[in-house]
Each structure stands twice: as structure tokens, then as C-alpha cells.
Amino acid sequence: MMYITRSIGQKFVEQESIFTAFRAWTPPVDLIKCLRSIKDHAFSASAYPVILTLEDHLTPDLQAKAAEMMKEIFMDMVYFPEAGGLKEFPSPEDLKYKIVISTKPPKGNLKRDKDSESDVSGKASSDFSDDQVGDGKTEEETSEAKNEEEGFDQESSNLDFLTYSRLITIPSGNAKNGLKEALTIDNGGIRRLSLREQKFKKATEMYGTEVMKFTQKNLLRIYPKATRVNSSNYRPYNGWMYGAQMVAFNMQGYGRALWMMHGMFRGNGGCGYVKKPDFMMKNGLGGKVFDPKAKLPIKTTLKVKVYMGKGWDSGFQRTCFNTWSSPNFYTRVGITGVRADKVMKKTKKEEKTWEPFWDEEFEFQLTVPELALLRIEVHDYNMPEKDDFSGQTCLPVSELRQGIRSVPLYDRKGERLVSVTLLMRFHFV
């Protein structure tokens, strides 16, 4: 089972007889234009599969039309599981150049093919979303949550091979009897559950073990709460440490949460999939699962030495810093990880120089190095005003190579800063 960043979410409705796809706070776009764009660019960065999660507000007849559009545009790019649905996830290696569709199946007895049984969508109907947290109470939802939890009540007629139902590889649905039951029920196939960040937090507090077991076999997707109108982001590590494979992002929202996402998926060659550690996939003695909040022994100590930095004089306009003097750079070095591993340290500031030389070493004792990210930020000390951002990077600890390394830095958006690097040394004890 993998952490996944190659996922696209779209919402589409019928509007004046034209299919449109849109996201919050953006103008509508014709569905067919979205599908064509996905086809043209899905595999530009990586050959590994793209998971297309859909939120639809269509009648059964229009769902059939949407299915025809997807078949016509994606053609053999769409992955079709064997009749009866997926029992376990194929390897991403087996799904290269494939688009995997995940959404709530239409209600009714839709045939997956001419010979398949008519209970496929019935199996999927036991899926779920975050309508309850076991207390029988619901709260006002975003349109996405409403679709996940309520769906449509129309009855669909039997359709032929090319049906909307036939396109769905990973079904999602609602939890009529509460979140705990949805996390523990097993209908024999894989499923997807989408949770808003608040509901996910409640789920981990109340059913942490069930969440971890659920993600050993099924997909868990977390998305930002609707009040993040400024495109800020949920801290993704909170989801990853419980095994959530898909943490949806406001990609236009820059900041540390996005830097963590970039760092996480620099692993495994940047292909968009990162393998989970074995201890998250297998139960221990007595069926015990990994608990990210438990007190654990120290596995290793990472020593990080920051020698010097260079490149700001050519990589930045000098007006980006203090107009009247050279910068006063300092570096922040820290770990994002489980609670016991989280820490942030910083060097002294090197005053009035474009090529700072710090020569400082830091030690980080790690209990779960497999999930740890090394965060590095450089700032220009600028009292009494706010310090100026001068570059950052985030790296998976499990893939650090020991020795002296030239480490490139990136801007707030995650784009490489030309020629700006730090000279550092990494050593595991």
C-alpha cells in the first residue's frame, strides 16, 4: 500500500444541458475540456497511475452520458478491474499509464458487463463517508461531503457494458450506521472513505486503531475544511502517520504544509507513490497495530551539520533583502514526524554576508525514522521587521545519503532556486 500524490478531484453537474466541472471559488469549465486536459497531461511527470476522484450531481441518464465521454476520451487508458471489483490493490507498476476512477456508484442494479452479476453496485453500497462519528449526530457539510454522504435517491435502469458503474474501480459511499462500523465492515472488496480534516481528527481520537487497520487495505482521503477560503492547507503529516493515502491540497496555497508534501513525495524517485513502512501494513503480536502516539524506543540518531550556503547574490535580486546592507542569514533545521520526533533548531546568524559560514551540527534522536521528514529553511534576520524568507527544502529521512552533500533550495512555491545551495553533512549513528 502506498502514499499517493497522483490524484485529481473533480466535481461535475448538469448546467443548462452542458456538463461542467468546477472547484470552489473557480468558474465552471466544460467537463469534456477537463477530461481532455487530464488525458493530455496525466503522464507528463510520471508513468504511474492517476486516480480520478469524482463528485457528481447527475441523474442516472447523464451519468451514462458522462461514462460515454470518459470512454471516448480516455479509451484504453481507463483501468477496468475484473468482474466483481478489486479485492486488493494492484502494484502501481502494473498500472502504468492507467487512469483509475473512484466515485460513489449509482444506485440500482447496474451491470458491469453482459455476463456479470447485478449485485456489484450492491456490494459497493455498503461503502461510506464521514456523516457520523458514532453518536448519531450530523453537522452541516460542504457540497463534497453531502455528495459523499447522501448521493442520489433515483433508481437507475440496467445499462450495458459501457456504464458509469463499469468505470468505477474504487467505490465510495456513505456510512448509514456511523463511522466506526464503516471503518470495520468488510464487504470483500476495496473501498474509499473521504473525510474532512475535522472529522478525521475526531476519528483518530476515538477510533485510532480502526483507522490504521482500515488503511491497511482501503483508501482514506482527507480534504481541507470549507472555511479555508484563503487556500491554506491542513498539515498532511497528521494523515500520513495514520496511513491515509490521499491528503487533498489547495495547490495554490503556499507554505510549510505544501513543502512537507513536496518532501514526502521526493521519495521513491518522485514518481508520485511512496511505499508505506511494513509496520503500518502488518499487525504485531495479538493483532496490535502501529500507534503513532505511543512512546517508542529510539531507533537511530541523525547528525546534521550545516557548513555554509551560497548563491543568493546571483539567485535573488539584492532588493529582496535589506537595501542598505548585506543579509544576516541563519538556517532552521528540524524534523517533522511522530510526536516524539518533532523538533526545530537553528544556527546562529551570520551577519552581513552573501556567503554565510555556520559550521554547526545538530543531533536528532528518531523513534520512527521511516516516517520522518527533514525540514530546512534559510531566513534573513531583519529586526524589527519580519525576517525575509531565503529558501527551503524538505527531504525524507529514510532516503538521505550519508556524507557531505550539496543541498539545493526551493522557493515558497516549491520551484528550484537557481544556484542557491547549502553544503551539509548527514550521518546516522
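Glycine too: its Cβ is placed from the backbone N, Cα and C atoms.
Features of the protein shown, as given by TrEMBL:
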type     : residues : note
COMPBIAS : 134-149  : compositional bias 'Basic and acidic residues'
DOMAIN   : 194-280  : domain 'PI-PLC Y-box'
DOMAIN   : 281-411  : domain 'C2'
REGION   : 106-155  : region 'Disordered'
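The helix, strand and coil residue counts that DSSP assigns across the domain 'C2' (281-411) are 17 helix, 59 strand, 55 coil. Break the domain 'PI-PLC Y-box' (194-280) down by DSSP state and the numbers are 39 helix, 13 strand, 35 coil. Taken as a whole, the domain 'C2' (281-411) shows an average pLDDT of 92 in this prediction.
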